[in-house]
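Chemist: As annotated by TrEMBL, region 'Disordered' applies to 1-22. Residues or ranges marked as domain 'Ig-like' by TrEMBL: 28-158. As annotated by TrEMBL, domain 'Link' applies to 162-249, 250-349. Summarising the annotation, TrEMBL assigns disulfide bond to C206-C227, C296-C317.
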Amino acid sequence: MPPALPATNQSPAGAPTAHPPGIWAALPAGSQDDGKVIHINRVQHQAVRVGLGEPVALPCLFLLQPSASLGPNEPPDPPRIKWSKVRSASGQREDVPILVAKDNAVKVVKAYEGRVSLPGYSHDRYNATLVLRAARASDAGLYRCEVVAGIEDEQDLLPLEVTAPTVPLCGRYPITAARRACLDNSAVIASPQHLQAAFEDGYDNCDAGWLADQTVRYPITLSRPGCYGDRNSLPGVRSYGRREPGEEYDVYCYARELRGKRCRGGWARRHCRSRGASLATTGQLYLAWREGLDQCDPGWLADGSVRYPIRLPRRKCGGEASGVRTLYQFPNRTGFPAATSKFDAYCYKAAAAEPGPCGGGWGPPNGGRGPHGGR
């Protein structure tokens with residue numbers, strides 16, 4: 001039996017001293033008499049859940065039995081390990097290689113260089129646990145660990161859920177009010193790691209906002225006039241550095257999970273109230289999108305923004321990638337539409353409230369379009 005993974009095994013760079021989410025365990029004895037050469041210990045039965053920007057471990061622990069095809073003095077060929085992503089968070093099939101390992105060599109594909117590792121493999125060839133250094137929203141999906149020894153192979157499938165989108169709020173707040181605004185939007189103020197992970201996933205927003213470390217930053221993937229910041233024409237997260245707490249900026253919030261029922265209303269605040277609900281916050285809409293909401297209709301939110309959630313990209317619905325789309329007032333993608341503009345509205349019904357006309361689900365727009373309706 002191979003040795004157990006030592007408790008002192010080091011976490012990936014930037015991770016806390018404890019192991020990242022996932023299962024880190026030794027293989028138990030037994031279940032070795034079924035004739036199989038490879039035995040993968042399937043220690044993870046539910047989806048691994050991790051927050052945006054956090055490290056995560058996807059377990060793959062296995063045993064090798066002598067093959068009947070080998071001679072008495074013939075050494076076995078070292079097993080070959082392959083990790084790949086086989087399904088996206090939306091359920092779309094894909095086959096994206098991540099890395100291949102055999103004996104002393106670990107080859108990581110270019111798209112994952114610097115992001116993944118096999119921290120236990122160097123001293124235990126039976127531990128192929130994969131660690132993602134900082135999870136992105138696009139990392140969510142189904143992963144496969146495949147072990148090949150000669151003509152024998154075995155595999156295990158592990159689902160990964162990445163929670164917590166980064167949500168921008170406009171409003172010009174001092175930092176104390178910014179933290180409170182995030183709480184009012186079912187979130188907390190985001191960390192620089194959250195914003196960096198969102199940027200690496202393609203997030204672009206030309207509004208400087210507070211972060212938890214009292215710095216002010218904004219992510220730019222496509223440089224344009226008015227959005228260069230301290231990086232000129234290069235993509236990246238722009239930073240104003242650490243600012244005085246009384247200065248006023250927007251804020252980036254981090255929303256981990258959604259509690260309550262959602263309903264889709266006709267227009268704005270008064271309409272939501274008439275249905276026993278309130279105008280949804282930006283955080284609630286982002287979390288509903290992460291849970292599967294897809295609606296190609298811009299609608300008012302509580303902070304005065306107009307947005308809509310797209311899970312399945314399609315023509316005339318905001319581009320080629322999934323995400324929460326925002327309507328801006330100006331060409332450089334800043335400012336929200338005037339409060340007198342007419343759009344639908346997204347409403348939110350708390351779990352403790354009585355069921356409303358929406359029945360806790362999302363329906364097509366009804367009641368026409370209207371202005372924001374004030375606060």
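The backbone N, Cα and C atoms fix where each Cβ goes, and this holds for glycine too.
Help me understand the surroundings of these features in the structure.
Modeler: Secondary structure of the domain 'Link' (162-249) per DSSP, as helix, strand and coil residue counts: 22 helix, 28 strand, 38 coil.
Counting only same-chain residues six or more apart in sequence, the Cβ atoms lying under 8 angstroms from the Cβ of C227 (disulfide bond) belong to C206, Y218, I220, R238, N332.
For the domain 'Link' (250-349), the model gives a mean pLDDT of 78.
A sphere of 10 angstroms centred on the C-beta of C317 (disulfide bond) encloses 16 other C-beta atoms.
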Chemist: Judged by the number of other CB atoms within 10 angstroms, which among C206, C296 is the least packed of the disulfide-bonded residues?
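Modeler: Result for the disulfide-bonded residues C206, C296: minimum number of other Cβ atoms within 10 Å at C296.
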Chemist: Summarise the domain 'Link' (250-349) as counts of helix, strand and coil residues per DSSP.
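Modeler: Taking each residue of the domain 'Link' (250-349) in turn, the totals are 16 helix, 30 strand, 54 coil.
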